[in-house]
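Taken straight from TrEMBL:
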BINDING   108-115, 189-193, 247-250  GTP binding site
DOMAIN    268-281  domain 'SRP54-type proteins GTP-binding'
Amino acid sequence: MFDNLSDRLEATFKKLAGQATINEVNIGIAMRDIKRALLGADVNYKVTKKFVEDVRQKALGEEVVKSVSPAQMIVKIVNDELTELMGGENKPLNLNATKLPAVIMVAGLQGSGKTTFCAKLAKRLKKNGKNPLLVAADVYRPAAIEQLRTLGGQVEVPVFSIEEQDALKAALGGIDEARQKANDVVIVDTAGRLQVDEAMMAEAETLKQRLSPDEILFVVDAMIGQEAVNTANVFNERLDFDGVVLTKLDGDARGGAALSIKQVVDKPIKFMSVGEKVDDLDVFYPDRMAQRILGMGDIVSFVEKAQETLDLEKTRSMQSRLLKNEFDLNDFFDQLQQLKKMGSIQGLVEMVPGLNKMIPKQDLDGLDFKPIEAIISSMTKEERQAPEIINGSRRMRIARGSGTKVQDVNMLLKQFKEMKKMMSSVTKMTKSGRKIMPQDLKLEKLLKR
Ligand SMILES: Nc1nc2c(ncn2[C@@H]2O[C@H](COP(=O)(O)OP(=O)(O)OP(=O)(O)O)[C@@H](O)[C@H]2O)c(=O)[nH]1
């Protein structure tokens, strides 16, 4: 996701890197490039136009600070504007129902990933101490009910359904059942159709009126590009939903939906789904997403994900070593082993600065960490602890031992060094309690301001 956009933005920043000052001419060229990059990523035309204009105004209005290069300044402005574009901060679910159970209604087109999302959300809520009930209000297709049952089984959350084709009856029945069984949240999976149609909308409206949900979430497949924004508009006009869930962000989606939806319907993106497995759901953080788009990785999400999934003992010791700046290739190796346990590798790799450049994309599907593992395995304990002692002859030995080339060893060491440098600035920032920004990770000069 966003690869192409990231590459094109990076190229734009590189072009600016050699320039001494910001002026109408170089900003004009940069804005033209950014505009093309956004349109190429399927971002809505109006949104793109406004975005570029805002960045231009800010860039030209910005006071020139000697120690900051135009490229750095623009990266910062683009980062801030991207964050704003996607909603600024994450907006959490509203589950402060005065009457229990809280009701979450989930709507969207058929095949958007709605049912899968319901199960993922149930799992997440359960983990957070809730006692959810899933309700199959997609009553027209037995397969959909069956799917919810299967997924409910996987996440160990009960599923309520009825035989009759009456969505309202199913939903009300589910709420009743929740009251009796002391479930504090009800997640209602509503019917999707292949296209927005009147009957579907009317049914969803009735459900909204009768259930008074605490939260209506609209689920949309990010792969459908511009159409995602149009569908969101139609649903929003009828349902005035509370939040958006973007799905299939692990696929080839160009990201336009993520970047346009908030602006067009003025509703926050609350979650993003990044794979088919029940764990592949992340809270949507606009600031972290902006950092990812700018190729800065997303250390914060990565550590959080690690905490959720991994061997806590190991994670803790890794974090403490990170804080002490003792992170070495042993930790890196451990991390790779653990990564495999953490679901969608592609998604995870994108979160770690440097790692996305280290592992060729085509290798990700086959989880091919083997060359990296082989290289690290061929090192001695001392070498892993202090990679700087790995000189030319050691590199040759390691390459031979791991069946790789010296260039591969060089590459790994170089990337590790960069990663360590970045992590060290992150940890310094964490210690000082200051919020971490992408420019902290890459643009060291800015730190000196
Ligand atoms: N790659 C990927 N696939 C997903 C994701 N979310 C859902 N899917 C897949 O998309 C397909 C459709 O998902 P469903 O949850 O059945 O979609 P739905 O909107 O409930 O569709 P109906 O039940 O047919 O109305 C399934 O094969 C899911 O496994 C995701 O984030 N990434």
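Backbone N, Cα and C atoms are what each Cβ position is placed from, and that goes for glycine too.
Those TrEMBL annotations? Automatic predictions, nothing curated.
Taking a C-beta cut-off of under 8 Å and a sequence gap of six or more, Gly108 (GTP binding site) has these contacts in its own chain: Lys114, Gly192, Phe218, Val219, Val220, Thr231, Phe235, Val245. Proximity of the binding-site residues Gly111, Lys114, Thr190, Arg193 to ligand 1, judged by a Cβ distance under 6 angstroms to any of its atoms, singles out Gly111, Lys114 in sequence order. With the fewest other C-beta atoms within 10 Å around its C-beta, Arg193 stands out among the binding-site residues Lys114, Arg193. Annotation note: Thr190 (GTP binding site) sits in a strand segment as assigned by DSSP. Mapped onto three states, the DSSP output places Gly108 (GTP binding site) in strand. Comparing the binding-site residues Gly111, Thr190, Leu249 by how many other C-beta atoms lie within 10 angstroms of each C-beta, the top residue is Thr190. Mapped onto DSSP helix, strand and coil, the domain 'SRP54-type proteins GTP-binding' (268-281) counts 0 helix, 6 strand, 8 coil.
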